[in-house]
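J.: Annotations for this protein, taken from Swiss-Prot, read as follows:
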BINDING   C8, H10, H228  divalent metal cation 1 binding site
BINDING   D39, N84, H174, H226  divalent metal cation 2 binding site
COMPBIAS  498-528  compositional bias 'Basic and acidic residues'
MOD_RES   K128  N6-acetyllysine
REGION    124-154  region 'Lariat recognition loop'
Amino acid sequence: MRVAVAGCCHGELDKIYETLALAERRGSGPVDLLLCCGDFQAVRNEADLRCMAVPPKYRHMQTFYRYYSGEKKAPVLTIFIGGNHEASNHLQELPYGGWVAPNIYYLGLAGVVKYRGVRIGGISGIFKSHDYRKGHFECPPYNSSTIRSIYHVRNIEVYKLKQLKQPVHIFLSHDWPRNIYHYGNKKQLLKTKSFFRQEVENSTLGSPAASELLEHLQPAYWFSAHLHVKFAALMQHQATDKDQAGKETKFLALDKCLPHRDFLQVLEIEHDPSAPEYLEYDVEWLTVLRATDDLINVTGGLWNMPEDNGLHTRWDYSATEETMKEVMEKLNHDPKVPCNFTMTAACYDPSKPQTQVKLVHRINPQTTEFCAQLGITDINVMIQKAREEEHHQCGEYEQQGDPGTEESEEDRSEYNTDTSALSSINPDEIMLDEEEEEEEEEEEAVSAHSDMNTPSVEPASDQASDLSTSFSDIRNLPSSMFVSSDDASRSPASGEGKCGETVESGDEKDLAKFPLKRLSDEHEPEQRKKIKRRNQAIYAAVDDGDASAE
């Protein structure tokens, strides 16, 4: 089947589907499935904008709300994962995945589904070592800390995925697996993104958690985004059986949805012709969810996953034939994902913009139904109960704060390299911290009742026309799923045949009209930069430490 893969979407669904339609007309047939690698931005209304980790002036409504309201419908089944710039309150409603709009499916914090016999897995968010071993404790209203930590990958999601034994065909992650750049054209990558050089040479660019999953799952395809550059690699895994050759993983990262950027690629993927043409639950994955239900943690404390070290009575949560049969019985022997999308929040109305927004922690009926059918815990219900207990003990709700990130030597993450302190800056991005310092008077912790001047949410009609024209300039480029590396000893063969067609889009003049985002591998310095305040003379007597951003 023909599968389209998109990099960072940034809410530009109209442009992506328009580009896809043009690719279909110029290509060799209709596309069966669209996979999006994060920064999807399923923004329904102004409250959702408030929960997206970008500076206020870069918050734009974009076009998802039209698909949420039913005004438009996705022309092709769309599956996506979360990145580091999302409507976090919306996605939090669906920790196990679900429909965010008709024909648009979110994989959840981590998840695996099947479509036409193809097994598709993914993990949302990005890696940040000091949050990796925490539970999922965040909930709206977010503050300046939790609005970021909520999209950081947690060890429990990686642990669940590592229980899988059956082959995974396609896997999605937002940030790249660490070291994957050594298996592609590293020289060309550094020519395009020279500011990656230090991390590439030190092997610190990318996610060690994703790298661990790549080594364990060894999928046929791995797609990522996040770094805003197209890059392909071919990784040869070591054989586990002497009589069989090691598996190969074709890696492809794509750019963001902007004119003249390689943000979309169409591939031919083998599938099972006898498999149903609708989305199905993956029984092995559901079995793992049931087995690991007792491991759910909704606190900010650091904790380790069970392992075979003599300290745990159980460390193997993989599925067995018997436990998978139990899951099939709970599904009534029908693994079809129900089309049970329901609106849980008001949709943005351009004619009636809301200046007052209220951030609410919602329980989504899709998640309620899913958990009831499988007999597992709704994480959001668990979080709400924890807050109620806190309210009962303290007599009042307290402002949610960062529960502390200081660690002792023995409590450190198993990944001792934190990319947050790296100094390289992507000039294609905007540093969130810098912008927050610059907008010091405007920024405040996200609150349940907050005034908000909604940014311009729709382009002017002439701008929209220009953008439509620019995004229609598509060319089929030579495939880069197979590339020659500058490291000859580790390079994939360059003589492979064509595997896909790249879709690029057009006019460079509109680049400045799109919101930028920071690079988050994450390049947040541990000690934030000190800046000069706008009216420095007024603050001449203030201690120097007060002039730095908090």
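If you go along the chain as it appears here, the first residue is 1 and each next one adds 1.
The backbone N, Cα and C atoms fix where each Cβ goes, and this holds for glycine too.
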J.: When you measure from the Cβ of C8 (divalent metal cation 1 binding site), how many other Cβ atoms are you left with inside 10 Å?
T.: 28
J.: Between K128 (N6-acetyllysine) and H226 (divalent metal cation 2 binding site), what is the CA-CA distance rounded to a whole number of Å?
T.: 14
J.: Given H174 (divalent metal cation 2 binding site) and C8 (divalent metal cation 1 binding site), what distance in Å do their CA atoms have, once rounded to a whole number?
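T.: Counting only the Cα atoms, the answer is 8 Å.
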J.: Between N84 (divalent metal cation 2 binding site) and C8 (divalent metal cation 1 binding site), how many Å separate their Cα atoms?
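T.: Each residue's Cα considered, N84 (divalent metal cation 2 binding site) and C8 (divalent metal cation 1 binding site) end up 10 Å apart.
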J.: Check the recorded positions H10, K128, H174, H226, H228 for other C-beta atoms within 10 angstroms of each C-beta and report the one with the most.
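T.: Going through H10, K128, H174, H226, H228 one by one, the largest Cβ count within 10 Å is at H174.
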J.: What mean pLDDT score does the region 'Lariat recognition loop' (124-154) have in the model?
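T.: When the pLDDT values over the region 'Lariat recognition loop' (124-154) are averaged, the result is 97.
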J.: Would you list, in sequence order, the binding-site residues among C8, H10, H228 whose CA lies within 10 Å of the CA of D39 (divalent metal cation 2 binding site)?
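T.: C8, H10, listed in sequence order.
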J.: Under DSSP, the region 'Lariat recognition loop' (124-154) has how many residues in helix, strand and coil?
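T.: Looking at the region 'Lariat recognition loop' (124-154) with DSSP, the answer is 7 helix, 2 strand, 22 coil.
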J.: Does DSSP give N84 (divalent metal cation 2 binding site) helix, strand or coil?
T.: coil
J.: For H174 (divalent metal cation 2 binding site), name the DSSP secondary structure in the helix/strand/coil scheme.
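T.: DSSP call for H174 (divalent metal cation 2 binding site): coil, neither helix nor strand.
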J.: What three-state class does DSSP give C8 (divalent metal cation 1 binding site)?
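T.: In the DSSP reduction, C8 (divalent metal cation 1 binding site) maps to strand.
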